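Visitor: Pasting in a structure now, in structure tokens, and then I'll have a few things to ask.
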Amino acid sequence: MRHHAHIAKRALTTKANDVQNKEFDYVIIGGGQAGLVVASRLSEDPSLNVAVIEAGGTGLESDEAAKIDVPAGNLYNSPVQSDLNWNWTTTPQDGLNGQSKPWPRGKVLGGSSAINGLYYVRQSALEQNLWASLVDGGKDNWSWENMLRAMKKSESFTPPTDEARQLGEIHWNETAHGSKGPIQVSWPAVSYAPVGAFIESASVVSAPATNNPDSGNAWGTFVANSAINPSNWTRSTSRTGYIDPFTYRSNLVVLTGYMVSKINFDTSNKDSVTATSVDFMKKRGGKVYQVKAKREVILSAGSVNDPQILQISGIGDANLLKSKKVPVVVDLPGVGYHLQDHLSGGVEYSPKNVSELAPSKITGDAKTDSFVNSATSYTNTSQLLGKLEDQVMGAARGNISKAVAAYNAPDAVKKGYNMTYSATANHIYGTHIGAMELLFSMAFGQMQVQAALQHPFSRGSITIESQDIFDAPNINPQYLEQDSDMAILRAGFQMARKIGQQAPLSDHFATETKPGSGVTSDAALDNWIRGVVGTEFHPSCTCSMLPRDAGGVVDTNLLVYGTSNLRVIDAAVPPLSVSAHLMAIVYGIAEIGSEIVIKNKDNYNKQSGGSSGSGSSGSKGGSSGSGSGSGSGSGSGSGSGSGSGSGNGAAALAPVSLLGTLGSLIAAVLVLML
């Protein structure tokens, strides 16, 4: 069995020499949510060799697995409070009374899919098509129809248990979901009366209940899907779904525990440089290793690390790079700009009856411990602002030029700000699209109705502190820099209070504890909001898909402008924040990105390792990837049901986890025998 275990996990390594000075067709930087999707899809072709370099660990060690695998652990044994988190911190934020705020991001195989709140929520068709319209040829790959296909390709959907459905007022449309994908999508096994009460109250105050939020109209009130495997009630991540069932592949190597320090380029063609290799290190000042790329380098390190790695490698705003003494390879001003994030906080209540709440601890019972908060309501500006909508939106639209001019950003980036501001003001606000997410939360013996701004006008940036990858970058989201953001967020908190005051939810509350009954005026509420809000953990857009002269970083094929074979595939590429949690969207981006890479695989001279230069040809790869539909069959692979349970080591779920691991081992042996 030890031999089989070694075989089943042989793709995973902590030894740099397994990739040192070796050449792979594709080198993927980052084994996070998107990176592992791409690695899995590319390695379905046995003729392609794929290497992944991940800064974090595997998540398979017992202490790590205990934090990752148990859904309720996202609150009561949080991976965020561990080395599984990058533990970033923002710069001091003027809009938040000068505070610096924590910015958790996943540092482990699976990335943030291993540490997040498990919400599996999709954007709207209008938002997706608006994204596609901002760059020529965008509709070929990035239309709502193609994104929906890709998101469905990634998932295996299971309806809720009868108990959860009844108590939580859960409704769904099964035709909106996939059935053969690697990621398990369902609901917790159990629910509680206050969840259903929130659905009823929010349906009155915020937006009507909907049974179909996943088909392109996310507006409404519903209990969201979660990335939960109902075969054992554990978290489903990109590692458990896309990698664990396939670690026997001899053409896939996943190196953990090493930081990529630089991408190296052949600059003989100044107009289209070629990524040739990647440097990586174990620790600051340690040995520098190198792995070579025959076809492409794919950057999937996330919205913070992507721009940091690009800038350190010489791709970014030339003035910034020169100030940090980084040689300029490609002057690409938009790298790290266009940063957008959802900003959130909660109105808190003490319960009338604590026994109605979910346990405030890990109980050891798999079904009980599968409960996570997922009741939500997306409401639009008309519902939020009422009679004030014309005034607030009119001011926002009228101040676009002034707001953009005030930013300290390159001119090309400001042009992009004008584009995205106008898109948000004229095509999102004033429509049915959710401007605010209202979420219900039970945790630590309290209940909250949270408000989260979905389409901020404020734009931030990620910039390097130095040439050293081990120096944390400057994360400056510039929260609430725009007055319209404050006006909309204030209205969100006012609506959160109204939901809390509406029966039947109000019947479960004893007292509003935060901000409390003494905070009533707009000025007092604004001051309280600035003191308590923080990230909803959805940073995006730092390598935006926009025209190059508008601060864009990638084209519609995800190719970095000015390069022939470097792509970005993850949450950094959308040009606009969307009214949804990012997990489902990132799976869609990664599936489409994988199809684009596969479609272009023959554009490279295998002998020389050089690029034919046609990688950015703008080929219409939108639906072509459906040819890799055989991949989706492989994705469902050894039934991502029990397969996705492999490697789970949570003590509370040890018997189930052992069965999942044995299942994966047996599957691996059978494949090898075949």
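Each Cβ is built from the backbone N, Cα and C atoms, and glycine gets one as well.
TrEMBL annotations: computationally assigned, not manually curated.
Heads up, here are the entries from TrEMBL:
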type	residues	note
ACT_SITE	HIS538	active site, proton donor
ACT_SITE	HIS581	active site, proton acceptor
BINDING	VAL108, VAL260	FAD binding site
COMPBIAS	610-648	compositional bias 'Gly residues'
DOMAIN	24-343	domain 'Glucose-methanol-choline oxidoreductase N-terminal'
DOMAIN	456-590	domain 'Glucose-methanol-choline oxidoreductase C-terminal'
REGION	607-648	region 'Disordered'
TRANSMEM	652-673	transmembrane segment
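Describe the structural context of each listed feature in the structure shown, including burial, neighbouring residues and relevant distances.
Guide: According to DSSP, HIS538 (active site, proton donor) is assigned to coil rather than to any helix or strand.
Taken residue by residue with DSSP, HIS581 (active site, proton acceptor) is part of neither helix nor strand, so it is coil.
Over all protein chains present, the Cβ of VAL260 (FAD binding site) has 25 other Cβ atoms lying within 10 Å. In the three-state DSSP assignment, the secondary structure recorded for VAL260 (FAD binding site) is strand.
Taking H, G and I as helix, E and B as strand and the rest as coil, DSSP gives the domain 'Glucose-methanol-choline oxidoreductase C-terminal' (456-590) the counts 44 helix, 24 strand, 67 coil.
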Visitor: Note down the number of other Cβ atoms within 10 Å of the Cβ of HIS538 (active site, proton donor), including every protein chain shown.
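Guide: I get 25 for this one.
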Visitor: With an 8 Å cut-off on Cβ-Cβ distance and a minimum sequence separation of at least 6, pull the same-chain contacts of VAL108 (FAD binding site), or say none.
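Guide: Once residues fewer than 6 apart are set aside, VAL108 (FAD binding site) is near GLU54, GLY56, GLY57, THR58, GLY59, GLU64, ILE68, PRO79, LEU84, ALA114, ILE115.
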Visitor: For HIS581 (active site, proton acceptor), just count the other CB atoms lying within 10 A of its CB, please.
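Guide: The answer is 26.
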Visitor: Average the pLDDT scores across the domain 'Glucose-methanol-choline oxidoreductase C-terminal' (456-590) and report the rounded value.
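Guide: In the predicted model, the domain 'Glucose-methanol-choline oxidoreductase C-terminal' (456-590) has a mean pLDDT of 98.
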